[in-house]
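What TrEMBL says about this one:
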{"type": "BINDING", "residues": "I8, G9, G10, G11, E12, M13", "note": "NADP(+) binding site"}
{"type": "BINDING", "residues": "N55", "note": "NADPH binding site"}
{"type": "DOMAIN", "residues": "4-99", "note": "domain 'Pyrroline-5-carboxylate reductase catalytic N-terminal'"}
{"type": "DOMAIN", "residues": "161-265", "note": "domain 'Pyrroline-5-carboxylate reductase dimerisation'"}
Amino acid sequence: MENKVGFIGGGEMAYAVAMGMLKGGLKPASIHVSNPSPGKLERYKKEGMNTTSDNIQVLQSCNIIILCVKPQIFPTLMKEMKTRGFKSKNQLIISVIAGLTNAKMEEIFPDSRVIRTMPNTPCLVQSGVFLYSAGSSATPADVELLLQLISPCGECISLAEHLIDAAQSICGCGPAYIYTAMDALADGGVKMGLPRALSIKLAAQAFVGAGKMHLETGLHPGVLKDAVTSPGGVTICALHELDKAGFRAALINAVTTATNRSIEMRKYNE
Ligand SMILES: NC(=O)C1=CN([C@@H]2O[C@H](COP(=O)(O)OP(=O)(O)OC[C@H]3O[C@@H](n4cnc5c(N)ncnc54)[C@H](O)[C@@H]3O)[C@@H](O)[C@H]2O)C=CC1
Ligand SMILES: O=C(O)[C@@H]1CCC=N1
């Protein structure tokens with residue numbers, strides 16, 4: 001049987017994942033996207049994907065469903081399924097929704113198999129991370145199918161479900177932390193007289209290069225940091241400023257708070 005992949009909610013995350021899948025060779029005609037606002041669907045249509053404002057149409061016609069609505073909207077979707085008498089049967093239900101657990105999905109979709117995932121937006125440029133944790137109903141063939149679809153998005157990592165909230169707070173949210181840092185670094189460059197565009201490019205390249213240095217050498221970030229930091233040089237003066245401003249503590253607090261918020265968001269599904 002030909003796989004039909006249905007995205008419920010056509011926003012940022014769905015677009016990044018769908019585009020990653022297309023780059024992996026999935027045909028646009030195999031992708032169906034539902035979203036209530038037609039304007040949001042234009043970019044999908046442009047790529048040749050099927051679009052509709054009717055969630056139930058997508059839920060009924062696809063064997064693989066990817067839930068991509070906001071956690072706060074998920075109860076509305078469940079209500080819509082109930083009101084319109086939709087019952088999932090023998091589908092593979094994948095969620096990217098923060099805080100939505102496999103146990104809850106298994107309760108909602110008892111006759112289907114479920115996999116909780118957590119991607120990030122760089123899936124759009126095939127440099128993402130895709131965490132996944134298979135539900136007890138999912139088979140090895142389901143996981144294989146998931147991997148076949150999402151591998152083009154970037155690094156796929158299987159994770160015990162109790163670690164997903166914390167891991168999401170680094171990889172799901174992480175790009176936003178980095179963009180904020182890039183913007184601030186660029187402001188520093190502009191303050192010192194550099195053109196804005198050059199400052200942003202230098203900041204972006206610093207992040208790409210630093211990430212690649214760790215991934216390709218396997219060296220601990222502390223070792224790589226020391227290799228940049230000359231005794232009596234300029235970097236140590238800058239690092240001292242970061243320490244004084246609580247840079248490391250701020251990042252640790254960011255991950256802690258985001259993890260706790262993800263756990264708290266389970267309340268939307270109770
Ligand atoms: N943006 C990100 O970086 C990441 C997001 N996620 C998860 O992805 C999910 C979607 O987030 P985003 O794409 O960022 O949000 P988004 O707001 O860009 O997309 C959600 C889409 O759902 C649509 N929508 C609203 N009500 C709907 C309904 N009743 N039925 C169908 N669609 C409806 C909205 O119009 C919107 O286009 C969230 O649950 C979030 O936790 C996970 C990892 C990273
Ligand atoms: O901000 C959020 O809630 C989503 C989940 C992880 C990244 N973005």
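Using the three backbone atoms N, Cα and C, a Cβ is placed for every residue, glycine included.
Keep in mind that TrEMBL annotations are predicted by a computer and have not been checked by a curator.
Overlay of TrEMBL annotations on the structure.
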residue	record	CB count, 10 Å
I8	NADP(+) binding site	27
G9	NADP(+) binding site	23
G10	NADP(+) binding site	28
G11	NADP(+) binding site	16
E12	NADP(+) binding site	12
M13	NADP(+) binding site	24
N55	NADPH binding site	22
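Remark: secondary structure over the domain 'Pyrroline-5-carboxylate reductase catalytic N-terminal' (4-99) totals 41 helix, 19 strand, 36 coil, with classes taken from DSSP. When the alpha carbons of G10 (NADP(+) binding site) and N55 (NADPH binding site) are compared, the span between them is 11 angstrom.
Apart from the site residues I8, G9, G10, G11, E12, M13, the chain places the Cβ of F7, A14, Y15, V33, N35, K40, C68, V69 no farther than 8 Å from the centroid of the site's Cβ atoms, the recorded NADP(+) location.
When the Cα atoms are compared, M13 (NADP(+) binding site) and N55 (NADPH binding site) turn out to be 17 Å apart. The two recorded residues G11 (NADP(+) binding site) and the residue listed as 'NADPH binding site' have their Cα atoms spaced 14 Å from each other.
Summarised by DSSP class, the composition of the domain 'Pyrroline-5-carboxylate reductase dimerisation' (161-265) is 89 helix, 0 strand, 16 coil.
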